[in-house]
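Some notes on the structure that comes next.
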Amino acid sequence: MCGIIGIVGKSAVSDRLVEGLKRMEYRGYDSAGICTVFDDQLVRRRAEGKLANLVKVLKTDDAAGNIGIAHTRWATHGAPTTSNAHPHATGEVALVHNGIIENFKQLRDELTARGRTFESETDTEVVAHLVSEQVEAGHSPADAVKAVLPRLRGAFALAIAFRQFPDFLIGARLGSPLVVGYGDGETYLGSDALALAPLTQKIAYLEEGDWVIITRDGAQIFDKDNVPVTREITTSGVSAAQIEKGNYRHYMQKEIFEQPTVVAQTLSSYIRPLEQTVALPQMDFDLASVKRITIVACGTSFYAGMVAKYWFETFARVPVDIDVASEFRYSDPVLEEGGLALFISQSGETADTLAALRHCKENGQTIAVVVNVPTSSMAREADLLLPTHAGPEIGVASTKAFTCQLAVLAALAAHLALVKGKLSAEEEREIVRHLIEAPAALNAALAHDDEIAAMAHLIAPARDVLYLGRGPDYPLAMEGALKLKEISYIHAEGYASGEMKHGPIALIDEAVPVIVLAPSGPLFEKTVSNMQEVRARGGKVVLISDAEGIAEAGDGCLATIEMPTVHPLIAPLVYAVPVQLLAYHVAVAKGTDVDQPRNLAKSVTVE
Ligand code: F6R
């Protein structure tokens, strides 16, 4: 999604703005631009495509000035062309925007009728014109912004520069995050703390409806009713080192390999290793009285939720409804008074999930959130915050956030089972012992990296790939297919193994590799039968199993990947590793842009 940075600085800002945009590349974008205020002029430079194109433009045509705004755009209204790239400007005002102005058509018609002309197809340009009209009529920039914000429907984070005012910028947020960074004689605006990481660690998070004037001396923040407010200045834990690739070729690769560490880090907040018990944060509702859980999430986080459904139902015997967030509100869900709604999100800003959360809140649900960004909107709106401690996830394809989500969800399921009286203290200790084994098992799974890299050429030429799994490995099959689709652009589907014979089996031929996820255990025999159905039709199988499973069913497979033998509880965490590595190495073999796959955004802040 779009990234915003603004600097009111003591020295030239152009290079630092571009550096800030580089740190936000991970969010996904298809054009970029900057605008400085210099010599009573708005100096605007924009380019479609990657940041390198903008840098090229700036090499021949620099943007001087100590104050400026910059933006990476992920196209919504209008193609990713230079004229649609932000900043959008009039003679007086330039601004960058993240989000969607839903009533832009009506505003555009109104502005056109007043004789204003537009140079882009974007929704954003109407905001530049609305603010500009006010300034041209003699209103101060603050009054202009105050007059315009209530006219905007939708979601926005804005950073606005004014030609005649080279000493301040104005920012505003509603629905899309925006932070203020406090430096030494400089002040910044950014989409997140990551964007500002090397500039400052002192961050204030704007709240819904806030707007702010930033100067070299600091910031004046106002709430939605234009009342001056103070927002706590926190020290962001994000260091520049955390957002570097280190010795890895890609962020995704680094993040896959971080999993043993970050899962251990996450688990250490949810278990007491000496007592071997689960320890959840304090909650002001009675977990034991929960009769039904509604889980809502998107993409990879949704698959973590599907695994959790198995755990909540098998351990705690609590029924679970689960839906993707983009469908949830429109299916008119039945939400019983006093129910528990659980939202899972890496970013905590995914617009569909956030809208579903608010819907549940309005309908009397207690809100629990498993989230990786503890300062995110979802984290702030939760009754029970269950943070994952995966650290910043930069690769667009989610990896370490997923396994950390599973770690938290397993602990939650065990605790729920305990308070529901479905688990004895000894059984709880056993579960905790297995969770403690997870980081070492993840390490053992990662040891197969070279072998998986070597087999990537078997999958890379395929047009279609099927992933099969049963029970908690079924969501893993879908997650494997999602990873492959996202970064290698190979069409892939994840199916419940037993469902294959009801249709997808028609696709099987020797050109369609089938990846079977089958740890040995109660579901193994059934999954292997489905695998034999594939092989009987000439299908080429890659079997991912443990030593016992491979000894029993590995003969005749195109390839096998041996996972450590683990308890079924932690199998979903461990089996995530080979599907992530397989997608990664296939993408590398195909030469695609692993960290910034085409069309994708890291945090999807539009519905
Ligand atoms: C897949 C991926 C996406 C996200 C989805 C939800 O690799 O990254 O499918 O999982 O957009 O994002 P969060 O978890 O931030 O709500």
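Cβ atoms here come from the backbone N, Cα and C positions, even for glycine.
Taken straight from TrEMBL:
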type: DOMAIN; residues: 2-217; note: domain 'Glutamine amidotransferase type-2'
type: ACT_SITE; residues: Cys2; note: active site, nucleophile
type: DOMAIN; residues: 283-422; note: domain 'SIS'
type: DOMAIN; residues: 455-597; note: domain 'SIS'
type: ACT_SITE; residues: Lys602; note: active site, for Fru-6P isomerization activity
Across the domain 'Glutamine amidotransferase type-2' (2-217), average pLDDT on the 0 to 100 scale: 95
Secondary structure tally of the domain 'SIS' (283-422) (DSSP, helix then strand then coil): 64 helix, 26 strand, 50 coil
Neighbour tally for the residue listed as 'active site, nucleophile', based on other Cβ positions within 10 Å of its Cβ: 27
Same-chain residues at least 6 apart in sequence whose Cβ lies under 8 Å from Lys602 (active site, for Fru-6P isomerization activity): Met1, Tyr26, Arg27, Gly28, Ser347, Glu393, Ile394, Val396
Secondary-structure category, per DSSP, in which the residue listed as 'active site, for Fru-6P isomerization activity' falls: coil
Within the domain 'SIS' (455-597), residues counted as helix, strand or coil by DSSP: 71 helix, 29 strand, 43 coil
